[in-house]
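Participant: A single structure is presented below for examination.
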Amino acid sequence: MVSQTLLVMSLIPFLGLNIFLVAHANYLNQDIDITWGDGRGNFLNNGTLLNLSLDQFSGSGFQSKAEYLYGKVDMQIKLVPGNSAGTVTTFYLKSQGLTWDEIDFEFLGNLSGDPYILHTNVYTQGKGDREQQFYLWFDPTAEFHNYSILWNPSHIVFYVDGKPIREFKNLEAMGVAYPKSQPMRMYGSLWNADDWATRGGLVKTNWSQGPFVASFMNYNSDNSCVWSIDNGTTTSTPCSPGGSSSSSSSSSSTNEWFSQTRMDSSSRKILKWVQKKFMVYNYCKDKKRFWQGLPVECSVTKNNKNKNKNKYKTRT
């Protein structure tokens, strides 16, 4: 039962605040509260599995007990099988208030035989409109797959089964807002969004196929800077590059994700492969939507691509 407890380590100030690193268990009921759904969300298998269900009356959802200011969180999810049109399954980080920050995975259901669409978005200070959408290269309903968010001071990276699919860089120097000061909680949900989710709302939820069920397991926030825990006690490791720790492996792991400023060349190749083969929408290419000009970060990304092309031409 050691994995059900928090590992108590040293504490240091970070950005003038007490930030911590916590080691979490695979017992979801230790780290997560079911917050809505009137019994439609349930822990199973001694708390190692969480099922959310949706019927014509309500969906269901959960949230982490802790809030995080930077971190890497992972969740294994098996999506609604069969005719899932109109349903949305989510896994995301979000802060509170009217000018919230948010980092989204949303899985948009579809008719049987048609692929899910993985919808990603980044909100800063209450403003989103940064959607990128992907098809997946596997059936996400046949078995569990791992979905991860890495959020540190330099960038946000979305991963699917360890493969990076999207990067959102900290470009504050260019005037682009970046989530850096609002702690975020992890959330998950299953809900009806047939007014927009499937083919722009043209395909409605077929309630005769319900109740719809999505499953979650192996939530991991080992590498996360904990801001608070609901029970009022926080006893765990600090989160900062080079911070001391009674576990050298834990400290090394913390430094690796927290200090990462860019993806390595291998990860960048995978990112390009995913975006070339599986991306179906990119806000940075939607000139019709942004007819007054694409967001600033889009031009920065384009300029970087052009620089790389010029370097290649010079070498050849």
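Placed from the backbone N, Cα and C atoms, the Cβ positions cover glycine too.
Curation plays no part in TrEMBL annotations; they are all automatic predictions.
Among the features that TrEMBL reports, signal peptide is placed at 1-25. Look at TrEMBL and you will find 12-216 tagged as domain 'GH16'. Marked as active site, nucleophile by TrEMBL: GLU102, GLU106. Annotation source TrEMBL lists N-linked glycosylation site at ASN110. The feature region 'Disordered' is assigned by TrEMBL to 235-254.
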Participant: Tell me the Cβ neighbour count for ASN110 (N-linked glycosylation site), meaning other Cβ atoms within 10 Å of its Cβ, over all protein chains shown.
Facilitator: 19
Participant: State the mean pLDDT for the domain 'GH16' (12-216).
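Facilitator: A mean pLDDT of 92 is what the model gives the domain 'GH16' (12-216).
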Participant: If I take the alpha carbons of the residue listed as 'N-linked glycosylation site' and GLU102 (active site, nucleophile), what is the distance between them in whole Å?
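Facilitator: Roughly 25 Å, rounded to the nearest whole number.
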Participant: Around the C-beta of GLU106 (active site, nucleophile), how many further C-beta atoms are within 10 angstroms, looking at every protein chain?
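Facilitator: Taking all protein chains shown, GLU106 (active site, nucleophile) has 19 Cβ neighbours within 10 Å.
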